[in-house]
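Colleague: Quick one: structure below, then a few questions.
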Amino acid sequence: MSLSLIRTVLLTAFSFCSAARSLSTSVHLQAQGNVSGVMLTCEKWKMPIPFSQYNSKSKKTLAKPGVKNIVLVDGVRTPFLQSGTTYADLMPHDLARAALQGLLNRTGLPKDAVDYIVYGTVIQEVKTSNVAREAALGAGFSDKTPAHTVTMACISSNQAMTTAVGLIAAGQCDAVVAGGVEFMSDVPIRHSRKMRKTMLSLNKAKTLGARLSLLGSIRLAHLSPELPAVAEFSTAETMGHSADRLAAAFGVSRLEQDEFALRSHTLAKKAQDGGMLSDVISFKVPGRDIVSKDNGIRPATMEQLAKLKPAFIKPHGTVTAANSSFLTDGASAVLIMSEEKALAMGYKPKAYLRDFVYVSQDPKDQLLLGPTYATPKVLEKSGLTLNDIDVFEFHEAFAGQIMANLKAMESDWFAQTYMGRKTKVGAPPMEKFNTWGGSLSLGHPFAATGCRLVTTVAHRLQKEGGQYGLVAACAAGGQGHAMVIEAYPQ
Amino acid sequence: MAGVRALGSLSRLTTRRYNLTMFPGVTRRTFRVAACMMARTHVNYEIKGDVAVIRMNDPSARVNTLSVQMQREMTEVMDEVWGNSAVQSVVLISSKPGSFIAGADLNMIQACTTAEEVTLLSQEGQKMFEKIEKSPKPIVAAINGSCLGGGFEFAIACQYRIATKSKKTVLGCPEVMLGLLPGAGGTQRLPKMLGLPSAFDVVLTGRSIRPDKAKKMGLVHQLVDTLGPGLKSPEERTIEYLEEVAVEAARGLAKKQIPLTKEKGLMQKIQDYVMSYPFVRQQIYNTVQKKVMKQTKGLYPAPLKIIECVKAGLEQGPTAGYLAESQNFGKLAMTPESKALIGLYHGQVTCKKNRFGTPEKEVKALAVLGAGLMGAGIAQVSVDKGIHTILKDTTLEGLSRGEQQVYKGLNDKTKKKSITTFERDSFLSNLTGQLDYNGFNKADMVIEAVFEDLSIKHKVLKEVEAVIPPHCIFATNTSALPIKDIAAVSKRPEKVIGMHYFSPVDKMQLLEIITTDKTSKDTTASAVAVGLKQGKVIIVVGDGPGFYTTRCLAPMLAEAVRVLQEGVDPKKLDSLTTGFGFPVGAATLADEVGIDVAAHVAEDLGKAFGSRFGGGNIEFLKSMVDKGFKGRKSGKGCYIYQPGLKRRDVNTEALEILESYKLTPNAAISSDSDIQYRLVSRFVNEAVLCLQEGILANPVEGDIGAVFGLGFPPCLGGPFRFVDSFGADKLVEKMRKFEEVFGNQFTPCQLLLDHAKDPSKKFHK
């Protein structure tokens, strides 16, 4: 996901807000029993197959000799809220604290049993640059538990989790908490470089005269603030713009994108109503009500979606506010342990975390193609094919990005020309794909999404009875990640 | 060598920006006959719903041009489209990646023998575009790649323009650089579209306009991004995408959902109001005219004719305007200036090709010795082309200065937005600055740019040969030392070659490559390949003192010194040379080159060629150097240079030195014109002698070398074209007059005499 999504809202705030308002009206209507009508509108997208169908399968385990089995004990997240809503007055570490405390509550984990904490974040609050440590202390973890913060754009918490896996595999730790937080309701806005320079010199100025002359050097232009990077640093292109170009490159139409966005919202709504999103914990926001549900899910009609104007490429672009993920506040956390330790502590793990890969490619033209590159690589590593996977959870940065990735994975030409592979890997079947909604509808707090994906795979495997799950995500900088997850025997 | 800063508009004329077909008329004509019998080959169309998509693709060339064939087929297709009631709007697009229409077919114009024929061509174009402009069905020009000259005029006749943001997409009318004018309505439509000042800017400079700028100016209505990898190649898909967007726009226009006229901004309204006064317009004409006269010294007729056409259109109405345009176009096509400029254009295209074939091994790792002005310049033009470059110097200070020069050169480009800061950084990552020979064992080529002293060059060559791999080429950047003398100490002289860059390296287009009789063909091919990669126009010449360029310049500068000694003020000398068409005056040139370098070269070449290279007194130059007057670099030369000051005063101390070397001018050969011809004839005679002696391979390279390296007047097309157009006999006659006074310095060479005797002999056919 993206830093540049900031722009989605900063720049299209007005149109977005009004769209959101009109969309939310429809949510209420549908909540009153009109859901089936919505589903008709997207019948093109196959709905999930009842999980009973998967039960007959029995496949080999991916355990490797000499490699420790590492398990996901459990995962939680705060409700994901559109930024600027109920969380607006918090600080990032408050959200992270909530997720960590929620994890402790959920698992009943003794606080001193945690060897290490790794946390991801993208937009850093300057006061808590090691947000992992601040949140851990605030959440009541032992002050003897070290914590560090990682950043890798939208796959930051994936990086946190794989760091944890690494620490355990290397025999340095047995129980690690990983997670991620993103807080977009407040972002650091800096003074201009010239102003900062003046202010720093002012600190050093000794005499009154020197100070006055420095103050006198301030010009009106120096006062204009610097917003956080809204674009890919290397190319200066905003992510939405890049997504629009990517969609065009793969010939993804506006209709396809709107249909996918609607699918995401519809499925998310169904999952929420059906109580599937059990990783969400309730969170009492100081001074506000208890929050226990994601607030960005709003299935609309195709007509409503079609009315929106393109958000980035005008007038002919196809990416709109409604078919992009929105700016979100939220935090997530997972407990990762070696299998022996988990069993010794009496836990029933949810899943094995198996092979994972990180990939990176051209940040200009292939910015969001991470899943396409990562999927075949991680499958190969695990000795699996696409058909072996029962559950797919891909990060939905933009509907256009997902559709482009699906088309790229389905193309022999792309595989041969750009990936140096003999054949395509194939696109995941839609009935196994993001069936509980995705970042488009649930929300996308950049550094918290990775843990949501992994926890969702574990939960879906349990519910649907499948054995293997695959997580894949793209990230700013043209990077990508994929991980194979194996269900823990029931 | 020379520090020729401004080469006039021509130096900006590059093949990439201005592609005109180079196919000889003969092949084209035979093809045309065959094409008549076949179906349409250049233009076809497809009806997509109610939109006709017209696609252009010249199958015989790399780029589309408005050839006779293209125009005929286009007329046919347009008639069919207009006659088809199902079609509501039209999209015009090229199927060629990188070229919409690169211009008119130059051969078509060159094939004409009279102005009337060319006028007729222009009028046909005008008529065709008038029909386009008045089309009842809106036409959208979907532009990807070069949209220049006639192609640009075609596009601006359409109702709507959409362009891709591709780096290859450029718009503009470069006709003025070829001594012509936009002859198919360009001088009439642009003032109406852009307003008078911007229109003059576009037409008179001929500069290429990038898409974002074009959008700002209102030349295009909509921009389309280039696409990356998808299910097809990026180029193919980008064109498809452009077409999709254009088709939508065409529908919108036909349904009047997209307005054709844009609401004018306040500034625009004010400008229009001001311009409605004839008095104001007159002032603009005068100002522009004055500016043109100042810059061209009246040596280039095209800009003046352009002003005339614009004026006729605005003051006397479109009929008079279009008539003036077509007639002036005809007249200009017949001028020697236009022929010279077109000749240079062709020559430049030739010199952008490697006539030595593909080298066995591509140079990927380069090492440059000496981080001075030249060395750093060479490094700069290499790193931004992706060549890994080691920049080696002997001192930390020298290295630091050199690396800073490279950084500054690239950083200035980010300021002009031609590259991003990220690109700058990634280019700089190709540069390694160091003081030792570490990594030279992996170098494919070493270019030395150390001090011009044979013993230092020998020392460096031996040191380098001890560390480089066997395939590595040793190139020496020198402006005068014979390569064979440098190669004398080499263990592998077949790998030694001269690469003479011109300062400032990142601005000057020319590279003079010097081969000895021992240099292998592959070494030459490799050096040319590197030069081409660095973006240079290349001439390959034989070895000898001063090679070609320095050898031509030296006698002219010797004459310039004599002229100064005869009491002509440096400013006067400058105005005489610039008045002849040189972009930089002789006195300024000496300062730019460096008085010390000039003295050094004059002495060396004087020894090699004897009294023919005499004239001015070398002792004068030496006295200047002794006083520290080394030219611009030392702050004082013929002029005084003060940082931050544009105004230059004549260095009175230099004049005092001149006093002691004073010569009495011979009144019979000291008129302004005589002085000009004294300077030029020595230059030209030496150039012809280089061809006679085989230093030069052909007159084309001679012309290109003189214009692009030394600033020989572009309007004259180079020394050889000058001889052709001026007449060898007339030149010989002038030289004989000077010879009587000054002796063998003005003795015409045999080849020149041959041409003088037989007027049918021409250097250029």
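Every residue gets a Cβ built from N, Cα and C, even glycine.
According to TrEMBL, the active site, for hydroxyacyl-coenzyme A dehydrogenase activity annotation covers B:E512. Marked as domain '3-hydroxyacyl-CoA dehydrogenase NAD binding' by TrEMBL: B:366-543. Sequence annotations record features per position, and here TrEMBL assigns domain '3-hydroxyacyl-CoA dehydrogenase C-terminal' to B:546-641. Positions annotated as site 'Important for long-chain enoyl-CoA hydratase activity' by TrEMBL: B:E153, B:E175. Feature annotation from TrEMBL assigns site 'Important for hydroxyacyl-coenzyme A dehydrogenase activity' to B:H500.
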Colleague: Filter the recorded positions B:E153, B:E175, B:E512 down to the ones within 10 angstroms of B:H500 (site 'Important for hydroxyacyl-coenzyme A dehydrogenase activity'), Cα to Cα, kept in sequence order.
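Modeller: Of everything listed, what lies within 10 Å of B:H500 (site 'Important for hydroxyacyl-coenzyme A dehydrogenase activity') (Cα to Cα) is B:E512.
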Colleague: Which whole-number value in Å describes the distance between the Cα atoms of B:E175 (site 'Important for long-chain enoyl-CoA hydratase activity') and B:E512 (active site, for hydroxyacyl-coenzyme A dehydrogenase activity)?
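Modeller: If we compare the Cα positions of B:E175 (site 'Important for long-chain enoyl-CoA hydratase activity') and B:E512 (active site, for hydroxyacyl-coenzyme A dehydrogenase activity), the gap is 28 Å.
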Colleague: Could you check the recorded positions B:E153, B:E175, B:E512 and say which one's CB has the fewest neighbouring CB atoms inside 10 Å?
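Modeller: Relative to the other recorded positions in B:E153, B:E175, B:E512, B:E512 has the fewest Cβ atoms within 10 Å.
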Colleague: Taking DSSP states H, G and I as helix and E and B as strand, how many residues of the domain '3-hydroxyacyl-CoA dehydrogenase C-terminal' (B:546-641) are helix, strand and coil?
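Modeller: Counting residues by DSSP class gives 67 helix, 4 strand, 25 coil.
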Colleague: What is the total of other Cβ atoms whose distance to the Cβ of B:H500 (site 'Important for hydroxyacyl-coenzyme A dehydrogenase activity') is within 10 Å?
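Modeller: A 10 Å sphere around the Cβ of B:H500 (site 'Important for hydroxyacyl-coenzyme A dehydrogenase activity') contains 27 other Cβ atoms.
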Colleague: Cα-Cα, whole number of Å: B:E153 (site 'Important for long-chain enoyl-CoA hydratase activity') versus B:E512 (active site, for hydroxyacyl-coenzyme A dehydrogenase activity)?
Modeller: 37
Colleague: Along the domain '3-hydroxyacyl-CoA dehydrogenase C-terminal' (B:546-641), what average pLDDT does this model show?
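Modeller: Averaging the confidence scores along the domain '3-hydroxyacyl-CoA dehydrogenase C-terminal' (B:546-641) gives 92.
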